[in-house]
Amino acid sequence: MIGDITETKQCQLKDPMDLFHSGQVVKICAPMVRYSKLAFRTLVRKYSCDLCYTPMIVAADFVRSEKARDSEFTTNKGDHPLIVQFAAKEAQVLCDAARIVYPFADGIDLNCGCPQRWAMAEGYGACLINKPELVRDMVRHVRNQIDNPRFSVSIKIRIHEDLKRTVDLCQKAEATGVSWITVHGRSVEERHQPVHYDAIKIIKQSLSIPIVANGDIKTLKDAENVHHLTGADGVMVARGLLANPAMFAGYEETPLKCIQDWVDIALEHGTPFTCFHHHLMYMMERITSKQEKKVFNILSSTSAVLDYLNDHYGV
């Protein structure tokens, strides 16, 4: 019985909505194409990451093709809490995709923020911020068809030049039952300009559901500063975690222990070489010299990488 109680407590702590009501800032690993897959999620969870997203998955392909499902979505018992992010433009397709992942995940997220041309040309991603009724319809459909209030339905957006439009979009989504909203504080046109944290603060003040701040968070100190600037309930990090997967645990740069953990996890998961190597290139960016980078970045096999790490770092 005690075992049952302990297990229940642990399960409760892994519910995304419980995280947002814990009084702590929720630390989140962003959806990253090619990178935020199971092995990397396993790594960042070891270093104080509270919540992980899958890479963006095109819902229509996922529903239509078993091959797409097998290649795009892998998980395991320890991979919680987990949010599956979908690109979608039709309510029923999003519902069908949500129903497939429902037994294995804790929620889904609708991508309304991807600024890539191909996504917007297809009617996905950031073009949805200009279609609040469609977003509302998609959220409502999932809410109606998955009858479990603990299964979260969230959206990730960029901001409009006219912030009133963004606030209106967010309020409509809130009224439809969206669980939380992640705000990347740039417009669709902006790439490397400063993030508009003031805009995230205004959105936070205009809603009563949790808001997650996203954009240019590279260290735990950045995360704390952004929380103070915006009042956001969570912070979502992409490139900062690629460069330092131990960032949320307070490390300034990737510790060797984390590199060792990545090697162990990646080999255990059968991570393809290119992905395994790319992650290490990111992680070692700050701890290697220019000369070392030249040598390390052209290694072309797992055994060569393992030999290099062993010879130079004792990993």
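Even glycines carry a Cβ here, placed using N, Cα and C.
Copied from TrEMBL, the annotated features are:
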type: DOMAIN; residues: 29-296; note: domain 'DUS-like FMN-binding'
type: BINDING; residues: Pro31, Met32, Val33, Gln85, His184, Ala238, Arg239; note: FMN binding site
type: ACT_SITE; residues: Cys114; note: active site, proton donor
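Features per TrEMBL, on structure.
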| residue | record | CB count, 10 Å |
| --- | --- | --- |
| Pro31 | FMN binding site | 25 |
| Met32 | FMN binding site | 19 |
| Val33 | FMN binding site | 10 |
| Gln85 | FMN binding site | 25 |
| Cys114 | active site, proton donor | 23 |
| His184 | FMN binding site | 27 |
| Ala238 | FMN binding site | 20 |
| Arg239 | FMN binding site | 14 |
Among the FMN-binding set Pro31, Met32, Val33, Gln85, His184, Ala238, Arg239, as the record gives it, the longest Cα-Cα distance in Å: 18
Rounded to an integer, what is the Cα-Cα distance in Å between Val33 (FMN binding site) and the residue listed as 'active site, proton donor'? 11
